[in-house]
Amino acid sequence: MNREIFIPKTINSSESVDVTPTPFGMDDFDKTVMSTYSRFPLALEKSLGCRVWDSTGKEYLDFVAGIATCTLGHAHPVMIEAVTKQIQKLHHVSNLYYIREQGELAQWLVEHSCGDRVFFCNSGAEANESAIKLVRKYSHTVLKVNNPIIITANASFHGRTIATITATGQPKYHKNFNPLVPGFHYVPYNNIGAIEAAISELDKDDCRVVAILLEPLQGEGGIHPGSITYFQKLRRICDTTGILLIFDEVQAGMGRTGKLWGYENLGVEPDIFTSAKGLGGGIPIGALISKKFCDVFEPGEHASTFGGNPFVCGVALSVCQTLERENILENVVERGVQLKTGLQSIAAKYPQYITEVRGWGLIVGMELCSKVSLSAENIVMAAMDEGLLLVTAGPKVVRFLPPLIITEEEVTIALQKLDRVITSVTR
Ligand SMILES: *Cc1c(COP(=O)(O)O)cnc(C)c1O
């Protein structure tokens, strides 16, 4: 077994990082930036490997990775080189022309997945939006269905555009944004009876269920891994009915679960899937990857100005090649076991506060007891004091999403910090 896992040489030395405080005016910031986010009172200024520093010079171990995005951590030499080379050579020219880097990244994705053809865009929402458009066009032109319905799951998350908040099965994201887009229906996740009932109930008159859009593991909705038996039954239903199975791999894909794609944990392949977050290691890129139905869109029917430009594709390709060359997925599996086992023993010490630890690879959730007032945000805030960055997944789940290059020592340190945090917040 090739055990060569790439760790940037400077990763464990703070010597090369200047941590001189650089005061940050949060009040001034709030005067000009729209208040769409409830931000923590923290401004990050510098980064290296799996550590970041704030404007006061305080150091944090990063178990958020820009929300499952910085797969190679921060200031990774491969990314620095790729960014520098690509900006010097060619960064943006538009899709009026053939783009070498776009073709090379598409080829890598096709060779490393069940997909056959790729459309590039800039984000997860845009990738899902593209999938919805593809399904709609397929319904009208091939199936001759006038009212196509896409089934999605409760507690799902698919993005913030109007169509993707509609696809998202969480009422809190719909509130005050009516009218939403017609043609979506929600079912409980991992419940085969519910989806079978929905399909037979919805197929009438002009309406037909044409696609099912699901995350292989629900991220934002609370770290709920897909059930293997559920997804395998669903695959059979889709094969017999012709319903398209679409996977949103925006958070679970690109090695996060220890497999390159989340669906590999379920033993089923989608007809179409989407990727974004980890795909570019932190540069903005999204992709729609289709196994069948490659020729549904005709020239001029779908587009994106920035989509697949030489810069993002060149950098994303180097991220993909690094994941492969440096056997980073092996690290994800090993560190994932270490993290989960460590969290489970912390949970065992505080059974009245922590009810469950679940996840795959380096996407792990820790669920808090609904009977106590302790919230996931309380833990995230206390962890920040302790020098550990975490993120919530709903009010009662703390989410762990370190860079995929996290070391054994760093996981150990994070677990020690978390243990201290739980002790202090439950005192
Ligand atoms: C984050 C996320 C999205 C949205 O991606 P953006 O890049 O923020 O548009 C979609 N689906 C899933 C599963 C996500 O986690």
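Just so it is clear, glycine is given a Cβ too, placed from its N, Cα and C backbone atoms.
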Further binder of pyridoxal 5'-phosphate named by TrEMBL next to G124, A125, D248, E249, V250, Q251, T305, taken from the candidates F157, F231, F293, F297: F157
Given the binding-site residues E249, S304, T305, return the subset with CB under 6 A from an atom of ligand 1, ordered by sequence, or none if empty. none
Could you tell me which three-state DSSP class D248 (pyridoxal 5'-phosphate binding site) falls into? strand
Residues with Cβ closer than 8 Å to the Cβ of T305 (pyridoxal 5'-phosphate binding site), same chain and 6+ apart in sequence? S94, N95
From the recorded positions R160, K277, S304, pick the residue whose C-alpha lies nearest to the C-alpha of G124 (pyridoxal 5'-phosphate binding site). K277
